[in-house]
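Peer 1: This is the structure I want to talk about, given as structure tokens.
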Amino acid sequence: MDTILSALPDILSATMRMTVPLLLVAIAELFSERAGMVNIGLDGLMSGGALAGFLAGYFSGNPWVGVLAGMVAGVLINLIYAYCTIKLCVDQVVLGMAINILAPALASFFYKVAFGDSSALAQGVQMATVSIPLLSDIPVIGPALFQQTPLAYIAYLLVPLSAMFFTQYRAGLNYCAVGENPQAADTLGINVIGTKVLACVICGALSGLGGAFLTLCYTSTYADGIVAGRGFIALSAVIFGRWQSLGVLVACMLFGFCDALQIVLQVNIQGTPYQFFQMIPYMVTLIALVLFVSKHMGPAANGQPYYHE
Amino acid sequence: MAELMRMEHISKRFGTKLANDDVSLGVNEGEVHTLLGENGAGKSTLMNVLTGLYQPTSGKIFFRGKETKINGPRDAASMGIGMVHQHFMLINAMTALENITLGTKNNPSPRLNRSEDKRKVQELADRYGLEVDLDARVADMSIGMQQRVEILKVLYRGADLLVLDEPTAVLTDVEAEGLFSIMQSLTAEKKAVIFISHKMREVMRVSDRITVLRDGKSVTTLSCAETTSQELADLMIGHRFRESIYEKVTNPGEAVMSLNHVSLYPERKHGGLKDVSLSIHRGEIVGVAGIDGNGQSQLAQVVTGFAQPTSGTVDTPSGKVAIYSPKSFIDAGVADIPEDRNSMGLVGDMSIAENLILKNTDDERFSYGHGAWFKSRHIHEFAEQMREKNDIRCASVDQPVRSLSGGNQQKVILARELESHPSLLVAAYPTRGLDIGATEFVHDAMIRERDAGCAILLISADFDEVLKLSDRIVVLFEGQVMGTYPGKGAPVKEISLAMAGK
């Protein structure tokens, strides 16, 4: 118990760090679902972003080039999803699953094209952390909260920004109308198809960014399976967070905390198989979904294709 | 009075079918102009042309004297044409205010300014006497208020010509009266209303002029003051319309089902049954009259085995009912025309043929081994027979039942339910939303079945329908039986009072 107590600052700092990729991708999904597009291909989008970010960072030496590449990769992959679900009205869940199978395989392929089939991991660039003056000097929480990579600050900023967009702005209300009742939105002159495509672009970019965070900030290497189901955890964070930005943040932090906790436990408690601790975030996700979720809270037309005349 | 809008020689072709054939329609400022026609007469197509959802194959539209081309709902809205759809186009999760201001640019700032929006909308609502709680979510509103939100939505977009597509179909009588007075205050401000309906009584009550459509053509335009509902009905169906008058039965056979002191959710004022006793006999129609929501749905649930009464018993000739399940009631010969044909009566995505055998899949006429393997050819033949016998108008019995009009959907249900010659037929709102022709068809079928010895429980919110068909009338009020009256020479006044709980 003492070890865990003394590890508290570490856990806090790790929680903040582990929350970032979840949060980026959960907000990606929030934008997608608000326009009625259930995208379960987040894992796929993340692995695309992770590889593209890693490669671009590795070859340019500049993590920001990697960030940009990760976002572009996410958008490009998600445009497949956009075309098939919006234009061809293919089932969204099926397409999301297809992305989950396609994108990691592509990522694995391109990694091997670039580095051959060697077992040694290539070392890429890592984004430096930025301390915020004064605030980062606060004991315990200072270093945890205010010594982060720029991507982390961006992720946390997205929470109030998206909340304001959805509740305070006309454009946000129109955006939500598309996910609630696209027919009605159409009769009101709202561009339904355009909004849905925009949703896919935002979702792709933020998911790619979340993936790139893993290979540019969290580690500096790429390995197959690096995403490790985080896309699905983010997906459940949106449901658990009841499609509200703040709720999504809370959910992501809970899952991020579990992730951080399991790492600390792995390090500090010997003798227990580490797989047991690794299980924690997924177990908590499962329990949270079972206990706190009601079916009828999401956007009303979520996941349904919109047949345009 | 100045002419606001004129459609000249509009034709609209879908494939080989002419949905509108040389239709002309002129609407003046400040008038209520009714479009009257049976289902499929081309009313909706014409209005979709007017609001820009369809482009006409030929013909011209003039608005305020100028020829215009309407490319979409947005165009129509900016010109001042707005439509209230029969199925509301509202977002349930949002408030009335949000629904009304959604997608507009009346307020140029990108930030929402709810208090200012609210002031403007409230002003508009007060001006036309539209009572709406602007902060309530649509999901929590009554149907009547939702409709007022729709009207406000159209007015907020600056409409001078409002199209109301069958607006009373979903309203109670009281709510409909409210709508009519709103229409009056609209026309008083020089706005024009195109009113679509096939309920003759209200058409005669609210219209200034009436244009009758039949088979896609505009038959004529009449001034309301110079016509009669008989003339309109004749024009609408294309031949002399004679409303059937049915013989009343005064000496029915033995009881098929008796309810003894049945209660279901008795604590509810609306939507429960309290100590209801009534019996339905062979060869008679028992009509249940009452304002919607006074226990009618619950009564239908009990007599079809959907719900088990909280107390009381249901007796049939073979004894007291022990198991309340639709299956056991069906096996006992109870047939059901449910109140909502789309959600309870039919499976929309399944074909007409499949819907027709839905209750009899294990019948050996249709399958081997009690439903293990379908005899497709027999099913098809059966469906063709039913289609012919019941005049189900469709391209093929294999098309999804969803694609049929309401009247034809009801005929599919009727065919399925009456095919087995049930001992008891429960018909809940059997003609809701149907036009004159289909209504007559349903009524004739019910009377035929009665004369063949079937007991029928008719539940309807249409008092005229209850009076016309019933051999015995039971009035429900707040879940209680207020009285039982003979169908022959029914005391209309007394029954009306009973319906109001007096």
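Quick reminder: no glycine exception, Cβ is built from N, Cα and C everywhere.
So TrEMBL says this about it:
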type: TRANSMEM; residues: A:12-31; note: transmembrane segment
type: TRANSMEM; residues: A:38-59; note: transmembrane segment
type: TRANSMEM; residues: A:65-86; note: transmembrane segment
type: TRANSMEM; residues: A:93-111; note: transmembrane segment
type: TRANSMEM; residues: A:150-167; note: transmembrane segment
type: TRANSMEM; residues: A:197-216; note: transmembrane segment
type: TRANSMEM; residues: A:222-241; note: transmembrane segment
type: TRANSMEM; residues: A:248-269; note: transmembrane segment
type: TRANSMEM; residues: A:275-293; note: transmembrane segment
Peer 1: Would you mind listing the long-range same-chain contacts of the transmembrane segment (A:248-269), meaning Cβ under 8 Å and 6+ residues beyond its ends?
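Peer 2: Residues packing against the transmembrane segment (A:248-269) from afar: 3-4, 7, 10-12, 14-20, 22-23, 26-27, 30, 156, 159, 233-234, 236-238, 240-241, 277-281, 284-285, 288.
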Peer 1: Verify whether three or more Cβ pairs under 8 angstroms connect the transmembrane segment (A:38-59) with the transmembrane segment (A:222-241), leaving out any pair fewer than 6 apart in sequence.
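Peer 2: Contact confirmed: at least 3 Cβ pairs fall under 8 Å.
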Peer 1: Where else in the chain does the transmembrane segment (A:197-216) make close Cβ contacts, counting only residues six or more beyond its ends and a cut-off under 8 Å?
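Peer 2: Result: 20-22, 24-25, 27-29, 31-32, 34-35, 37, 39, 42, 45-54, 57, 63, 66-67, 69-79, 81-82, 86, 124-127, 149, 151, 154-155, 158, 175, 178, 222, 226-227, 230-231, 234.
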Peer 1: With pairs closer than 6 in sequence left out, are the transmembrane segment (A:65-86) and the transmembrane segment (A:12-31) joined by 3 or more CB pairs under 8 Å?
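Peer 2: These two segments do not touch.
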Peer 1: Within the same chain, where does the transmembrane segment (A:93-111) have neighbours whose Cβ lies under 8 angstroms from its own Cβ atoms, ignoring anything closer than 6 residues to its ends? I mean 6 or more beyond.
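Peer 2: Here the qualifying positions are 38-45, 47-48, 50-51, 54-55, 77-78, 80-81, 84-85, 222, 224-225, 227, 231, 303.
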